[in-house]
Amino acid sequence: RPACTMDWEVLTREISLYLESQVRVGLFGSGVGLSLVLGFGVAYACYYLSSIAKKPQLVASNDHFCRFLEEYCPVVTETYYPTIWCWEGRVQTLLRPFITSRPQVRYRNELIKTADGGQISLDWFDNNDSLYYPDASTRPTVLLLPGLTGTSKESYILHMIHQSETLGYRCVVFNNRGIAGEDLLTPRTYCASNTEDLEAVIHHVHSLHPSAPFMAAGVSMGGMLLLNYLGKTGRDTPLMAAAIFSAGWNVFESVESLEKPLNWLLFNYYLTTCLQSSISRHRQMLEKLFDMDLVMKARTVREFDKQFTSVMFGYRTIDDYYEDASPCRKLKSVGIPVLCLNSVDDVFSPGHAIPVETAKQNANVALVLTSCGGHIGFLEGIWPRKCTYMDRVFKQFVQAMFEHGNKIFSM
């Protein structure tokens, strides 16, 4: 079993031993205090094991896909034990960037030109020291798509690269336009619905290594963009499979959740300021098309998208943009194996908006739904500094596809 996994007896015994070592019997003049603390600890352990630690829900209509995952990606069938002192979704979301480590990764940057005169920044981890795949021409390649304002420097991206390095794979991170320090050459950034830049990147990477197995993994908005691309292309893609983490399936539901008072205070306002910051350094270029003073007054993601994103990409209304950006509308058309991990307590992607019934209609799609984990959280272990549940799902799935993918529909 994973190191973070512990059964009832082990957990209660460790709690009892810890408390006995920390609490003096003389508390409150008698052993009553110790008894109360021990009683609370045991009660909390019982609650945690009965209501918090659960096996994820695996949703897949294809029995072959299910058996493939059970054999080669068993983490999706094992009980997920969230960190015992921070299992709530908002807490996991807030703490993950501060708790998790940041593995050292040395990138090779490449700027590629786009058809409209813009440029895209790619950060390569070539893994030229790979023992398992010394031939660079056939070394498996993973394309990584960060979240809304994320880049190759995000801790979750660094952990994915670290996991890939141990398996001998090559990684390339797709940084959205203008987000990773490069200049905007045209007054255009990015959005969740427009897949033109992603198509250009996938074509470019595949043309460099046409003989290498190729798959992609997207996180949050990166996952939405990847799903929208897959829904558009069907089977006509060089990607053999994809992994999606914490995607927002229905943008209307996502923004409504984020506009609730507590969620606005904790996430929405901060995310809006990050979006504004990401475009402020390109103000001179963007002022050619936008009233930047009005854009900078936005106080929610919806207001920002109404004044900036939807206008940039030619949508008549923000509702038109949000409808086109929602991956739930395109899930039926996905033509390659896709594994999607979500937590039902993710305020960025509410559990009721996850398209379970739609997923059941596509044999290429498998959903893994945990009861806890938040948004890109999935912390586990007493002190969750290194490997998260999301990292383990990523590692096992990419390894399963690269090394056993030919068996997926023959089991």
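Here the Cβ of each residue, glycine as well, is placed from N, Cα and C on the backbone.
Remember, it's a predicted structure, so these values are computed and weren't measured experimentally.
Annotation comment: TrEMBL describes 27-49 as transmembrane segment.
Per-residue pLDDT, averaged along the domain 'AB hydrolase-1' (140-381), amounts to 97 for this model. The domain 'AB hydrolase-1' annotation in TrEMBL covers 140-381.
TrEMBL lists S220 (among others) with the feature active site, charge relay system. If you take the C-beta of S220 (active site, charge relay system) and look for same-chain residues 6 or more apart in sequence within under 8 angstroms, you find P146, G147, L148, G150, F245, S246, A247, G248, F348, H375, I376.
Residues or ranges marked as active site, charge relay system in TrEMBL: D346 (among others). D346 (active site, charge relay system) has a Cβ environment of 28 other Cβ atoms inside 10 Å.
Annotation source TrEMBL lists active site, charge relay system at H375 (among others).
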